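Engineer: Can you keep this structure in mind? I'll have questions shortly.
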Amino acid sequence: MPHLLHVDSSLATESSTSRSIATIFAEAWREAHPDGIITYRDLSVTPPPHLDWATVSARFTPPEQLSAEQAEAVKKGEELIAEVEAADEYLLSVPMYNYAVPSTFKAWIDQIIVMGRTVRQAPDDSALTGKKVTVVTAQGGSYGPGTPKEGWDHQQPYVAHILAALGATDIEFIRVEMTLAPVNPALAEFIDLFQRSKAEAAAAARLRASV
């Protein structure tokens, strides 16, 4: 049966744009796959541990030679890796923080990337090979061509490259821009742009979830 892994990373709850669009996707996915499974992980509630040397060194040590510290470190990330390996579709909700991704999302990525396991030399044999990935992003401003901060987006390019390293090729980004417009008077002229962007993202999420 279809199995969706839904990962949220916004620190906000009710006011989060990325969460709201991801919820629309998840609800539409449930309607399209009534017998499907959704595994949900909220990185703001249960932040993954940042990498330490015990974890890194353990990945290059035979299991029977692991120290107690290494074994404990590996155990912390094993649940996250198992969730990725069990799913066949992914919904990642990733707001932009300081022009990049939340630190909890980066920590999650660092935990699930394991050379020789989730990332393999053969491009068609990694954890996300042949699987569908939808990434919902929310950005306080706009960073496209011709904007004052063109080139400042270190969020989407990073996520795209990481997913490619994990073997994903069926990737769609659903982005909402100018999320700060309703709360920052200096950006008030862009409220209509934000509302239009959010409506388009909601429609894109419903469509993507249903196919």
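Each residue, glycine too, has its Cβ placed from N, Cα and C.
In case it's useful when we look at the structure, here is the feature table from Swiss-Prot:
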| type | residues | note |
| --- | --- | --- |
| BINDING | Ser10, Ser16, Thr17, Ser18 | FMN binding site |
Engineer: Out of Ser10, Ser18, give me whichever of these binding-site residues has the highest number of other Cβ atoms within 10 Å.
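Structural biologist: Result of the Cβ crowding comparison: Ser18.
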Engineer: With a 10 Å radius around each C-beta, find which of these binding-site residues (Ser16, Thr17) has the fewest other C-beta atoms nearby.
Structural biologist: Ser16
Engineer: Quick check: which same-chain residues outside Ser10, Ser16, Thr17, Ser18 lie with their CB within 8 A of the centre of the FMN site CB atoms?
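Structural biologist: Here the nearby residues are Asp8, Ala12, Ser15, Arg19, Ser20, Ile21, Ala22, Ser93, Pro95, Val136, Ala138, Thr179.
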